[in-house]
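Listed features, source TrEMBL:
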- B:Lys206: active site, proton donor (ACT_SITE)
- B:Leu12, B:Gly13, B:Ala14, B:Gly15, B:Thr16, B:Val17, B:Gly18, B:Ser19: NADP(+) binding site (BINDING)
- B:Lys106: NADPH binding site (BINDING)
- B:350-435: domain 'ACT' (DOMAIN)
Protein chains: 2
Amino acid sequence: MAEQKPIRVGLLGAGTVGSQTARLLVEQQDELAQRIGRPIELSGIACLDPDEVNFPWIDKSLLTTDTMSVVKNADIVVELIGGTGVARTFVLEALNNGASVVTANKALLAKYGPELYKAAEDNNVDIYFEAAVGGAIPIVRPLRESLVGDQVKSMLGIVNGTTNYILDEMTTKGLDFDVALKEAQEKGYAEADPTGDIEGYDAANKAAIMATLGFHTNVGIDDVTVEGITHITADDIAAATAEGKVVKLLAVVDHTDDGVSARVYPALIRQEHPLASVHGSFNAVFVRAEYADDLMFYGRGAGGAPTASAVVGDIVTVARHITAGCTGPAIRMYNDYPIAPLSSAKASFAVRFLIHDKPGVLLQVAKEFADRGISINGVNQDLKPTATEPGYDGEIQQLRLVTHMTDETTLRDAVEAVCKLDSVTGEPSIIRVLD
Amino acid sequence: MAEQKPIRVGLLGAGTVGSQTARLLVEQQDELAQRIGRPIELSGIACLDPDEVNFPWIDKSLLTTDTMSVVKNADIVVELIGGTGVARTFVLEALNNGASVVTANKALLAKYGPELYKAAEDNNVDIYFEAAVGGAIPIVRPLRESLVGDQVKSMLGIVNGTTNYILDEMTTKGLDFDVALKEAQEKGYAEADPTGDIEGYDAANKAAIMATLGFHTNVGIDDVTVEGITHITADDIAAATAEGKVVKLLAVVDHTDDGVSARVYPALIRQEHPLASVHGSFNAVFVRAEYADDLMFYGRGAGGAPTASAVVGDIVTVARHITAGCTGPAIRMYNDYPIAPLSSAKASFAVRFLIHDKPGVLLQVAKEFADRGISINGVNQDLKPTATEPGYDGEIQQLRLVTHMTDETTLRDAVEAVCKLDSVTGEPSIIRVLD
């Protein structure tokens, strides 16, 4: 094996994931050579400031600010820069230069996936991205390969650790969203600018990738309907707990006769549901397929070492393809399904109003729902609102109801009508219920 | 695409899985051609009696009793015969004939894996077997590819649906093993000869495959220590329930400084453990890796359609390799780890004795354990034995204790000594406790 020319791996980025990727490649050099059948070598590491990168396993002479030189001198380019700006330039350059690409960049794939997949196919090189969805969890490869003999019908995932952590803290400590977010930021679980996580955009990127791979059709980030968790209050969580449920931010992709849909929203799920016990930074993805039936994949959704494990798994796969001379198994999006209209998505909703309880209120509320053909599954007034609830005045009560299946447009219309009633005050809360 | 020569797929076996595999291949013919980039065609189906095979999607002219002719006229041979006899002959013939092989045959791989992997490598063809472990669950491919940049430390799985169903029934209905087995047989969840399942041999085959793939070393069926569930009584289950635990049959593989180990045994696990909520015919495999940390894979472990989903996923993968001209990514067992001696496996044990309660009994029992350096974690005498318990005479009581970590040899020595005490009667029960 000593005489074989090593496969050159160029890293773009030397942050948390980049440095751990370098560590795995260096520490396991001999073992990886055995697994591939040919040695690999780190040929360069592009970073913003080489002086700031100090890890015992990183040979300082590999560090450079000249990203393009790393791109041009590698057989496999590992893009860990993130974002949709220069990352796109470098990935395209690598592919067009005949190098294969491994990336963990979900935003890049959700926005420019088709362009990148085509560039890989045109140049007969690989593009692998296991770490872009679910961190260390093998979910991309099972979708690309294991389930390729089946028909995926839907997927349901907890794919953002930050929001999962915040919702956990709200649940166990009874915190309001703002307090829990601040705590998460102090502990390093949320970024200084948490928008991408808490507004659901990170999960939306992953939903777009899941839908594209699962349904073999192009679903981009702009096709994803997104609702974050910023509107979830301590009272929403208390109401969920009282009903034996928890609130989780879900990425949901579906394929029905109306087309495909990719959505991100917080939802109430039963405490017995396997996804209810996915806590903290762990992620999980549920897949329902025509023949395989239900599958679940669970593991660390983020973190340097777990993400690097997925990245290096991809590097080995690509290196094996290079060794065998067969890179370029294309990502085929041969379907051209329409994006299902929002109105086609039926769901059960938990709605919470703040009311001044007078005789006849419930009747009025019920009428607005009945007039729009929405059936009510249950009504509850047993929980007092907390003082931090918007609209709280010491007198108001909570009226909670759960609907049968309806579409969101009709539901919001009914809720708007209810909010115009004299006895109703404050902001209503609307959360989907997973059946 | 119409002009491309189709890839010929020959099926050996037309039973539950074989007929469903044929169905997926036929019903999804166009879609699979898109996914592969080249059409595939069913070239022959070998079965024992063509007159008995009646499925609307199976073209009767493909059925034959001449298995070897199917083997010789296929690019991909799908072995669904089972067992380690003729299956081996046909698989070797296929590989040596230049065909790739897809199989669901865990017994064949656990016994003759190295021979078959070598034949595949020598002939530069593929051998894929996702369905051999965990049915529809993608676990083989993640081990072969996703985790290939990591170091697997241990795996823990519920990989036999029959025993899982029986233990579930014993738990929810308070049944004794014999009764639950009979019920499972009547409902078709257990075979007429259930030995392979209830004695743990089926799980042992899967443990051997998991260890081989996870540790890149050869672990055969004879290297696996096996304990089935036939000795589990209703009282064991009742004691587990009283302690907030459930009994599950586990396949456990480990890599430590002492070598690798593959074991199958029933164990007590906490009700909060994710594996505790794996019920009926569902399977789940927990993987702990150096960098990825904990991963779990969950899904249908058996059944015609789910297993066929995994088989067809393999067929598509192999067909893509054939199309790209790069079959033969070898299964490399470059490590030569010793099998760890039984004495190296430390565990906590729950031991249950039947005793005639006289003053000093507990002291005597405690002494036998203490003399052998085994610490006791807890002692309990609160549950009365049921009348079906072997040794029951209306007077006896149960003495249950849980040890701290010890090895099985020392533990069994202590238990034997205790059983010689005058006050101790009947058969002791020993079950591992998962920490």
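Residue numbering: from 1, along the chain as shown.
Placed from the backbone N, Cα and C atoms, the Cβ positions cover glycine too.
Note on the domain 'ACT' (B:350-435): DSSP counts are 23 helix, 30 strand, 33 coil. The CA atom of B:Gly13 (NADP(+) binding site) is located 15 Å away from the CA atom of the residue listed as 'NADPH binding site'. Same-chain neighbours of the NADP(+) site beyond B:Leu12, B:Gly13, B:Ala14, B:Gly15, B:Thr16, B:Val17, B:Gly18, B:Ser19, judged by a C-beta within 8 angstroms of the site's C-beta center, are, in sequence order, B:Leu11, B:Gln20, B:Thr21, B:Ala22, B:Cys47, B:Leu80. Each of the binding-site residues B:Gly13, B:Gly15, B:Gly18 was scored by the other Cβ atoms within 10 Å of its Cβ; the lowest score goes to B:Gly15. In this structure the alpha carbons, written CA, of B:Ala14 (NADP(+) binding site) and the residue listed as 'NADPH binding site' are 18 Å apart.
A count of other CB atoms within 10 A of each Cβ picks out B:Leu12 as the most crowded of the binding-site residues B:Leu12, B:Val17.
For the residue listed as 'NADPH binding site', other Cβ atoms within 10 Å of its Cβ number 26. Annotated pair B:Lys106 (NADPH binding site) and B:Gly15 (NADP(+) binding site), C-alpha to C-alpha distance, rounded: 17 Å. When secondary structure is read from DSSP and collapsed to three states, B:Gly18 (NADP(+) binding site) falls in the helix class. Fewest Cβ neighbours within 10 Å among the recorded positions B:Thr16, B:Lys206: this applies to B:Thr16.
In the three-state DSSP scheme, B:Lys206 (active site, proton donor) falls into the helix class.
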